[in-house]
Amino acid sequence: MNFEGLDPGLAEYAPAMHSALDPVLDAHLNPSLLQNVELDPEGVALEALPVQESVHIMEGVYSELHSVVAEVGVPVSVSHFDLHEEMLWVGSHGVNGSDDIRQIQSLENGILFLTKNNLKYMARGGLIIFDYLLDESEDMHSLLLTDGSTLLVGGLQNHILEIDLNTVQETQKYAVETPGVTIMRQTNRFFFCGHTSGKVSLRDLRTFKVEHEFDAFSGSLSDFDVHGNLLAACGFSSRLTGLACDRFLKVYDLRMMRAITPLQVHVDPAFLRFIPTYTSRLAIISQSGQCQFCEPTGLANPADIFHVNPVGPLLMTFDVSASKQALAFGDSEGCVHLWTDSPEPSFNPYSRETEFALPCLVDSLPPLDWSQDLLPLSLIPVPLTTDTLLSDWPAANSAPAPRRAPPVDAEILRTMKKVGFIGYAPNPRTRLRNQIPYRLKESDSEFDSFSQVTESPIGREEEPHLHMVSKKYRKVTIKYSKLGLEDFDFKHYNKTLFAGLEPHIPNAYCNCMIQVLYFLEPVRCLIQNHLCQKEFCLACELGFLFHMLDLSRGDPCQGSNFLRAFRTIPEASALGLILADSDEASGKGSLARLIQRWNRFILTQLHQDMQELEVPQAYRGAGGSFCSSGDSVIGQLFSCEMENCSLCRCGSETVRASSTLLFTLSYPEAGTSDKTGKNCDFAQVLKRSICLEQNTQAWCDNCEKYQPTIQTRNIRHLPEILVINCEVNSLKEADFWRMQAEVAFKMAIKKHGGEISKNKEFALADWKELGSPEGMLMCSSTEELKNVWLPFSIRMKMTKNKGLDVCNWTDGDEIQWGPARAEEEHGVYVYDLMATVVHILDSRTGGSLVAHIKVGETYHQRKEGVTHQQWYLFNDFLIEPIDKHEAVQFDMNWKVPAILYYVKRNLNSKYNLNIKNPIEASVLLAEASLARKQRKTHTTFIPLMLNEMPQVGDLVGLDAEFVTLNEEEAELRSDGTKSTIKPSQMSVARITCVRGQGPNEGIPFIDDYISTQEQVVDYLTQYSGIKPGDLDAKISSKHLTTLKSTYLKLRFLIDIGVKFVGHGLQKDFRVINLMVPKDQVLDTVYLFHMPRKRMISLRFLAWYFLDLKIQGETHDSIEDARTALQLYRKYLELSKNGTEPESFHKVLKGLYEKGRKMDWKVPEPEGQTSPKNAAVFSSVLAL
């Protein structure tokens, strides 16, 4: 690869250019031009020489100015004029085809070079910025810079790659119907792709879809160019003897998208380029060196042909400078020719000065032999100076000042535990390992309230970096131990009977919104009545999760199945709602924007899922519908009917009806709300947002073109639940909320008789006055008025002329205007605030989302047996009652509103809130397998018959096997113990249920392998018996079902009241994501367990009590479920149905003694026999 920089000095007028030119010393010419002029030996003055009229190059007539050899004998493959500096870049053919430079593109900071399967970006000085290797099968030929940071790369394959130059990653791969894209151009209308088949395709700038296609040549395409509304192309046509160069240029009019008269030229065209100076000229170049200029819509004149004298037989490349004043040609012998139309051409309109490398001085210095002790150091050159050197500074005037060590992170000091004089603390992960930043100066950085929370000065006692955020609002995390979650105290965070949600699952940022939807009574009931046949239905999964929240008595739940279905929906991924684990952990991106997009998505998705009204045959009785055939229950609750009116300036008006499920707040412009504190009620902003009026460009049928139109929105029907996205995404909106809260606070103080100090802070006397009885306002209520702009209730009225009146509503207004129920008859509705979702800004954890929810009477009645309403804070698994004013207080420094939910007063009385369980016994009947290769001979279970349907209290043996989706993340503490940062993510792979009574006791009736679309990291074959391929429907021979199908079977068994017998069922139900009442679980782990002792494995219990050797090479869930049932029978036998706990305690004592002697290992077959034959065990049984 050779690169030749074109110095401006190369543009000096060479004397060999015109031999007839007389030597006239022009101001623009170099004196060296006179080197071949013979002067009179007598010394005649230059002024006395006879001078003819000066000959100048005519504008538009190109002549050779300079030629240089790039690399002797190596063909030049590509040339490119730099668009930013006066330089010409030249690439040559390599040793083999893969090293050829196919195309060069100059950018502001460097140069891009494209080879067969490599894209290299280098600085102009030669340093490599990046080297991007493409797939070895790629054969790239062309690149196109679409904007400052996006690049399209095409070649002989059937796709074009889009590469982001900032991240150096492939962002998109566009399929190409006609492979072989070797030339690409771009205008403000289309991408133009030239194909080796002779076609030119015009593609959309946004979607890259083909809009038009020109079949230019029957053989192949050589070159094409686009200027204005014209496209000109040259190429080869098919003849009887093969391909022949076509002397007709194909010209196309891009306005009518059709070909115009072809242009016949007098050379064999290989390259062409528009050179628009005064006219839209075309330069047509042949490989033999002939160049012809002509107009694309005129006739070619043979007199316009000039000849380039290549050193080699062929011209290989051609380029035109940005100023159109210079042409560059490269030939097959490695020579580059520069042609210009003026003696001093300008290559770019505005060029930077080129920086050349400084000459190296190392070679001019004498070598020094350091092995010579007597070598004088004066030989080393140093700059001459007469000033005092710093090394001459007297030692008495200096003192060593080492860098002051930075203070220890306050989070480390807070969590530190001291053992002797050594402290241990978990790593807060606020800095990189072994890297401590040093600051030379202590400077307070400006606080950006939407990226981080300011840190307080180091030295405060209570968590200085979190001094603004109240403790209950901070992000909560689960501390894992070697027992997992069993010893984690959730009751410390939640003393209510409501269920929290665990946050460690991927994309669990939406926990707060799930709680909001759950505590909407009509949504909770109607969602649970929904059941459909769709595998990944968010409405079904949300109903299952709501059922778990109903059953829980304060224990946290996890929405793993719901989030699993959420991750499979393409629309969620397209909206950017699915976060990577790294982004979620680091808090990248705005959580406020994310949850608002999620809010819009979930309402739309639930509305679509619940519009299906036909009852699926597989789930008979599942069709509980509460709406008309054209709408869903979500549409009835949230939908708002609107009229969108577009008024053109010609007077034409277009009205169309539409509906929306939520509204977005639209704030006044900066000019309409001055900074002096103009009062702007929330109701006014809400009305402006609902009845939105805006000026925009829109199509007018009357004018038949895009015209400025005034678009207004009127309300036909108000929703039952008013959902508002706050859109506080920048400092501008935050300042608006902050200013309105300050104005509202001052007005509230004045209303109660207080005086406001002119300063930002109240004077002490003012506070005393406000707190006095004369001030009529206590300090506690004064605090409640701070940072409050949001009303608890709003009143909305539909007027006769399709208008909307909105105003804030207080309890005192009800006395004045009458009860809300009476006014509903006149189109007046009162909406009460039910929930607020807020974004907590926290630099340490990346922020979090919490919800304030007003929990209604029905929820308290079910959980606590009392009837009252109360506001609660929901922060994942932390639930705490709060004062109602806290729900509307937003300190914009750390607590930013994101979503508001207003509910019509007396909404619950309008809906039937009875929950009818949609799951029927038919789910237990036989069903088809998803596996294509499954045969009846491979069946491992017998489905239940109608006369075998389980009843309340029946026993069912259960076991489940799992696979790993994500490995556990852990770290070793400094004391050698292991700390689990994030547990492994498991997915259920096999579920087996065994009959617990009857003639077929021990025979499984469910043995389902669960199909999964997510990537499995570890099949855990040694412990699960699951092998690769067992969960793949294409190759599996097992009975394969969906998770939803098996989940419904287990839900039916739970609802019917059966008792599950198994070993370690707590973990099984947790991964399956089921909430089972404790009185329906008989776990042999706890039946054969002594307090404060270790848990005993199923394998050891089976050997000790049943004389069974199980779990030899792998685990089998059928065997494990049967063994658990037999152990439960043995437990009943030994404990006399639980009536003799003392005798059973002795049995357990013998069990633990035997276990310690055997080190809890089952002996091999040639080893010790079962303890049933031992005297000790016989005596125990005799008891």
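Keep in mind that glycine also has a Cβ here, set from the backbone N, Cα and C atoms.
For Asp959, Glu961, Asp1068, Asp1120, the entry in TrEMBL reads divalent metal cation binding site. Neighbours of Asp1120 (divalent metal cation binding site), defined as other CB atoms within 10 A of its CB across all chains, total 26.
Taken from TrEMBL, the feature domain 'USP' applies to 499-905. The domain 'USP' (499-905) scores a mean pLDDT of 80 in the predicted structure.
Within 8 Å of the Cβ centroid of the divalent metal cation site, not counting the listed residues Asp959, Glu961, Asp1068, Asp1120, the chain contributes Leu958, Ala960, Arg990, Ile991, Thr992, Gly1062, His1063, Gly1064, His1115, Ser1117, Ala1121. The Cβ neighbour count for Asp959 (divalent metal cation binding site), using a 10 Å radius and every protein chain shown, is 28. Its Cβ taken as reference, Asp1068 (divalent metal cation binding site) is surrounded by 23 other Cβ atoms within 10 Å in the chains shown. Neighbour count (other Cβ atoms within 10 Å of the Cβ, all protein chains): 25 for Glu961 (divalent metal cation binding site).
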